[in-house]
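**Q** Got a structure for you, written out below as structure tokens; questions coming shortly.
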2 protein chains.
Amino acid sequence: MALTPARTPPGVLELLPLDQIAFQDMLDTIRRNFERFGFLPVETPVFELTDILLTKEGGETERQVYFVQSTGGLEKGGTPELALRFDLTVPLARYVAEHEHDLNFPFRRYQMQRVYRGERAQRGRFREFYQCDIDVIGKDSLSVRYDAELPAVIYNVFRDLKIGPFTIQLNNRKLMRGFFENLGVADGEAQTLVLREVDKLDKRGADYVRDTLTGEAFGLSADVVRKILDFVAIRSTSHADALAHLAALGQGGDTFNQGVAELREVLELIRAFGVPEAFYALNLSIARGLDYYTGTVYETHLVEHPQIGSICSGGRYENLAGHYTKSHLPGVGISIGATRLYWQLREAGLIGTGTSTVDVIVTQMDEAELPRYLAIANELRAAGIATEVVLEPGKLARQFKYADRAGIRFALVLGSDEIARDAVQVKDLRRQEQFEVPRAELVKTLRVELEQAAAMAAR
Amino acid sequence: MALTPARTPPGVLELLPLDQIAFQDMLDTIRRNFERFGFLPVETPVFELTDILLTKEGGETERQVYFVQSTGGLEKGGTPELALRFDLTVPLARYVAEHEHDLNFPFRRYQMQRVYRGERAQRGRFREFYQCDIDVIGKDSLSVRYDAELPAVIYNVFRDLKIGPFTIQLNNRKLMRGFFENLGVADGEAQTLVLREVDKLDKRGADYVRDTLTGEAFGLSADVVRKILDFVAIRSTSHADALAHLAALGQGGDTFNQGVAELREVLELIRAFGVPEAFYALNLSIARGLDYYTGTVYETHLVEHPQIGSICSGGRYENLAGHYTKSHLPGVGISIGATRLYWQLREAGLIGTGTSTVDVIVTQMDEAELPRYLAIANELRAAGIATEVVLEPGKLARQFKYADRAGIRFALVLGSDEIARDAVQVKDLRRQEQFEVPRAELVKTLRVELEQAAAMAAR
């Protein structure tokens, strides 16, 4: 038979088991923190009806959509009925609108699933990737206080991920809009265009942005552009510094003042939520690409790895599900692109191969003693210790080699001598040490060893 | 703006948060047991290249496949490059063939992901559903002992799921094949066809099967058909009874004898793996629809809910990845269709709505005390207690109602009186009781309450 070469489609990240364990650890840490803050799990189908997913006309998003159809649908032709979700926000909007009367508001949900985009295949760009989102959705209204809760969740997640210092950067779209109105850029459309240019500051530099904004397309005066660039250059270095920057902005129109007041309240509450001041800052350049956000906006950056860009972003939006329901559903949310984050952390050497989920392997020194080995494994498993038993006979050295390659740390050896003494040899394959414990103390001893190993790994 | 009605595509199971929690608990229990037995996690992309997925020509499977293409691909026409996986076995075969040199054999993997089938939409049939699979893959050979390990995993999983008594039913395809050879049905193709009819016993009854097998299409003698029906009627009632049934089968050809020997070894080892004898039995009618299995086959049935059918099935196969690699990779595996299982258990009243993942809600009696409430929440979260804080001001009664509807059991109340006394009111919304604890003992008290609640729920 002719062989079909085994290969994954381009643009996906498929992991070997020990890497999968490391990735799973990351997801577990994220999930644990989402749950600690009282967010509830939601999962939605991988596909949505096409008319639901593509309510917005045209645009970049639509071109990147993957359509789904069964063999029958394929034969019939026409627009496919289904398409893969490209984010978790549209499914959330559909979910909340569909189940509105069964949900409690403010509705606090987390969702950790894969999304799909028909991106051009290139290194570090994924067509399938995990997003880990939390959102709080209000009915009719939602206090700005929730805007301060999400940075507290972000802080807890990334602290627990142990990937070095990071800064949650804050801005407010009302502040920005009001600022532009003060400068005479009153039209919303024009503001959006200016903000889009300002968004390019990091990538293209100040000169490019200055030239563009004073150029024909925008026609702003040099003075106005200078004010804009001074404004977006504002970064705070401490909590007090952030408040001082806000005070120095002075008064403006209603929108401007409201933006300042919201930012101030959010900053004060972030501190009350227990986030140390080294971990949050004002950054008045943050606009977020989407026109979607209307208030607080967030980005999160690793201090020592700025090239990675924002590892967690989001913000406040005015109305979640206007396409599907007449209810007014304001919300605030953040998203962690876990697949890209994992890949980048691994590239940067910040994340290694995981420790095996298998704690202990029971070797097979004497085939006739297999029932004894199985009984030991039963006991360990009942004590919560993940245990593999070697079921194929073979040389001990080969069994150790298998265990070592598989990343299993502890191997148990029971030959006739140990059995006569009612003892077990424990071989620590990482330290290349071996010690004997009485059979009755095996579970206790292994628990201590595993707790120590976990504590070492957590440092 | 015209609204698009919010709705999920037909054939999917989307859950409200408390049901999602119950489902997630089920998946966590399955995963915990898979890991305790030393299986390693693998995830594969939701789609595979079409030529990989559809190596087999035609057939029912292909008609049920969902094809995937981006907007560009749709415009180009032709056979789509990608298709959604319809099980986890083909992706496993592709994975093992692709990463063969990076894996350790025997390769023990678990995978818990959704699969997709373009089924006709009907109640209880899903187009998207979770499968939870474990497989052990050997290189060149794999001891039959692994065939006994999988029932031990099944036993642990369903014991922990607490869904009532169940029986893991065992048969062996070699035994069946050998039995048919003894009866003169020597041709493999003919055996497969007879087995397919035998597989209909439960659904169509003995008369139908007898008529079919003595009828024109098969032309078997009444005596042969009687022997077949006697054979497939064999069920054991205890470990000793199972061995007695095997002994009573006597000798046959090599294949037959090998099947008997394998079943005997598997039965003995299942016991050594600690599975109580009430939970496993011989059932010589089990053939499993697939022609894929070559040795041990399993089904698992709920004793009190036979109408649900097999909740966990699988078996031994000769070669996993013959389409993709020349390596000979025998294996043994089982699969739990978690979505269908959850749905059926819920229909049968065996599974309820989950307890909220939120343990405690901190109410907002006095808006000015919000920083104090946040500090308490911080302390609880640091102690691993999932805590929500009411951030919107509002009447206490409304806050309790929200908590109760959301399934949150404990609400904390701190007004000026409690603050003056340095105490906290704990309201148990389930029992409608309220008690006061000193502020310093809050974490300890809640931990005890939550542990008691969990212990009650586990009964």
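Glycine is treated like the rest: Cβ placed from N, Cα and C.
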**Q** A:D87, A:L88, A:T89, A:Q131, A:D135, A:R288, A:Y292, A:Y293 bind L-histidine according to TrEMBL; which of A:R117, A:R159, A:R271 goes with them?
**A** A:R117
**Q** On average, what pLDDT score does this prediction assign to the domain 'Aminoacyl-transfer RNA synthetases class-II family profile' (A:24-371)?
**A** 92
**Q** If you draw a 10 Å sphere around the Cβ of A:Q131 (L-histidine binding site), how many other Cβ atoms fall inside it, taking every protein chain shown into account?
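**A** Total other Cβ atoms inside 10 Å, all chains included: 20.
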**Q** Going by DSSP, give the three-state secondary structure for A:R288 (L-histidine binding site).
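**A** SS state of A:R288 (L-histidine binding site) = coil.
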**Q** Which has the fewest other CB atoms in a 10 Å radius around its CB: A:D87, A:T89, A:R288, A:Y293, the listed binding-site residues?
**A** A:D87
**Q** Assuming the binding residues for L-histidine are exactly those in the record, A:D87, A:L88, A:T89, A:R117, A:Q131, A:D135, A:R288, A:Y292, A:Y293, what is the maximum CA-CA distance in angstrom, rounded?
**A** 22
